[in-house]
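Feature list (source: TrEMBL):
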{"type": "DOMAIN", "residues": "22-116", "note": "domain 'P-type ATPase A'"}
{"type": "TRANSMEM", "residues": "137-158", "note": "transmembrane segment"}
{"type": "TRANSMEM", "residues": "178-199", "note": "transmembrane segment"}
{"type": "TRANSMEM", "residues": "518-540", "note": "transmembrane segment"}
{"type": "TRANSMEM", "residues": "546-566", "note": "transmembrane segment"}
{"type": "TRANSMEM", "residues": "586-607", "note": "transmembrane segment"}
{"type": "TRANSMEM", "residues": "613-630", "note": "transmembrane segment"}
{"type": "TRANSMEM", "residues": "642-661", "note": "transmembrane segment"}
{"type": "TRANSMEM", "residues": "667-686", "note": "transmembrane segment"}
Amino acid sequence: MIGIVQELRARKILSKMQLLHHNTAIAMRDGREVQLDTKDLVQDDLVLFSAGDQIYADACLVSGGLRVNEAQLTGEADEIVKKENDTIMSGSFVVSGKAYARLEKVGDDSYINQLTLKAKEVSGKEESEMVHSVNNLVKAIGFLIIPLGLILFFQSYVTNHESFQVSIVSTVGAIIGMIPEGLYLLMTLALALGAVSLARQKVLLNSMKGIESLSRVDVLCVDKTGTITENTMKVTQIFSVHQNENTSREALKQYLAASPDENETIAAIRNFFVSEIAKESWAVLSTFPFSSKNKFGAICFNEGTFILGAPEFVLKEKLEEYRSYIQKYAESGTRVLVFAESKEQPFTGDLTQTIEPLLFILLENPIRENAAETFSYFNVQGVEVKVISGDNPVTVAAVAAKAEIPHADNYIDAQTLDTDEKITQAVEKYTIFGRATPQQKQKFVQALQANQHKVAMTGDGVNDILAMKTADCSIAMESGNNATKQIAQVVLLDSDFSHMPHIVTEGRRVVNNIQRSASLFLVKNIFSISLAILSSLFAFTYPLQASQISLISAFTIGIPGFMLALEPNKQRIRGRFIRTVLQNAIPAALVDLLAVLIVMVCGRIFRLSTQEVATSSVILLAVVGFIIIIKLIQPLNRMKTTIVLFNIIGLIVSGLLFHSIFSLSKISPITIILTIILSLMLESLMRFFQYISNRLFATCDQWLNRYQAAKKYRKSKTSDIFSF
């Protein structure tokens, strides 16, 4: 029932997501621009593309110019300049510029349907580590059950000459013990409740992998704009470098009127001049749209060539002359742009010519109201925050300091990181990275991952896409462009970054609780499989019946497992899911196995009945079950203690009232003494096996690390040889 409800809920969420991310286009129909759904476009339609758009069909540029990112198609991160008569491919993204294009291939003939489908839907192959581990466990157990069941029945019925009924009962008991029957149900319930909780917080999961990935991260990479600050940008001041300010401001207004760029910076400057009307428009000779790689845009008029961009990239050798201006405002968290004129013609776009600054433009984004509280949470939780921005590093550091991000004064200009080796060293040393290109953002994420970090990346712009696709978890804002939201695992529907702590907390609760509950299930499975194998090898009848296994499972696995799955748990997730589960389960399973084998041996020595052996085994298995429960739920509190006591009382009452159903019998004094002695030994045995297990896992880790180091060394030596 829970699985059906969760499936219906997933379909409902998916439907909402498709509506949310549905693409629209501006097309020419009957001589005017109209907005249409992309599914309504046909071949030869004339459409308009601008910065931030996903190119949804193969097309040929008719007029204008674009810079596009084709990383999804070619794997190359370079921005490609597209001019008239050039072909643009569906699946790429417009970084800057504006152009009209005629559609050549639409619908099934283009790449976009497949790309969009992959971006919007959760692929069946895209499993989280937890789900993948559980699936593999169930598959492995499934392969063992059938042959072991056949061997057990043959050994009991043919070899030991037991009756058909006894052979069937013992075989079924073994098989039931091997099946993790409630594990999928538990995982589905926990994930369903997690999804409901996040939906209430206006958080959309494009991928169920996102909630687990984010709960495991130890490094969070954020952009300044939209994360630390509000998305709204405003111009606080424009001042002239020279006396003739009116002429310079007129040139800036002409630039704004002619600029094909449609980003927040241009919008903020245009808004500053909203009450001022430019004089007669100047004729445009050529345009160079803003590029996140070059950090400037330029437009050539008859009256001159004018450039708008970051001072560090535009002024070049004249930067030192104006550094005091720039530094003064940057240190207060203000973003500084320069509006300049190129004195040499023709302008080639490479800024090798003489540049004369005209105006300095000061912009700022308000700090988000709850930014400091959010980043304080991550600091307490041991998640390191890295700010990666395309802005001046001094400005970014000042803004980060206002948001109380730890080590905000530890910044670097990413333009100085020109080798992979420098990037690898810098990502561990610095907190703030300014002037970062989209390619560098991706390399920062890759370098952190190479250093064994789990990385989450937030973003809302096209320049964040490469890094977001590389990160272990990607988070997008609803206020961001469609391309970013489509590739993100998590979307904040109200663009409120303060939801992040709740997402992390919810993810940790779900994964931690499933992890420890899975340990309870696997104790029974490992024990049952081991006992079945020994029973086959040494030709003794499996000592436990299906009803007895069910009784133990109900009160030491099922009920406590489901109750604990709903409990708050903010602990940071450490280690791999399967390793942690096995490391907890194996010692308890071995204690179970040893206790039952000792009872069976003593039963033969003291000639105990089969029912006495089974009853004593049930008691010992229950004791081990409650020991492992108490170990997994540390530290104890009132709720946890109540859960344990409830299950102990429930087990005792069920055994006494329904002893005939569970084939439990009265036990002799010698069996009572044996059971008490073994019960007192169980906790010590558990500690011993846990110690052995920890040592074995640690040794395996050392061997694995040595193997990986040797493999990496051989690979580096091979590459050195081929480099010659």
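Including glycine, each Cβ sits where the backbone N, Cα and C put it.
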Between 137-158, 518-540, 613-630, 642-661, who has the most Cβ pairs under 8 Å to the transmembrane segment (667-686)?
613-630
Report the DSSP secondary-structure composition of the domain 'P-type ATPase A' (22-116) as helix, strand and coil residue counts.
15 helix, 49 strand, 31 coil
Do the transmembrane segment (518-540) and the transmembrane segment (613-630) share at least 3 Cβ pairs under 8 Å, sequence separation 6 or more?
yes
Highest Cβ pair tally under 8 Å against the transmembrane segment (613-630), stretches 137-158, 178-199, 546-566, 642-661, lands on 546-566
Report, as numbers and ranges, which residues of the same chain sit near the transmembrane segment (178-199): CB under 8 Å and 6 or more residues beyond its ends.
2-3, 5-6, 9, 13, 130-131, 134, 137-138, 141, 144-145, 148, 205, 208, 211, 502-503, 506-507, 509-510, 513-514, 517-518, 521-522, 524-525, 528-529, 532, 553, 557-558, 561-562, 565-566
Same chain, outside the transmembrane segment (642-661) by at least 6, Cβ under 8 Å from its Cβ: which residues?
547, 551-552, 554-556, 559-560, 563-564, 618, 622, 626, 629-630, 633
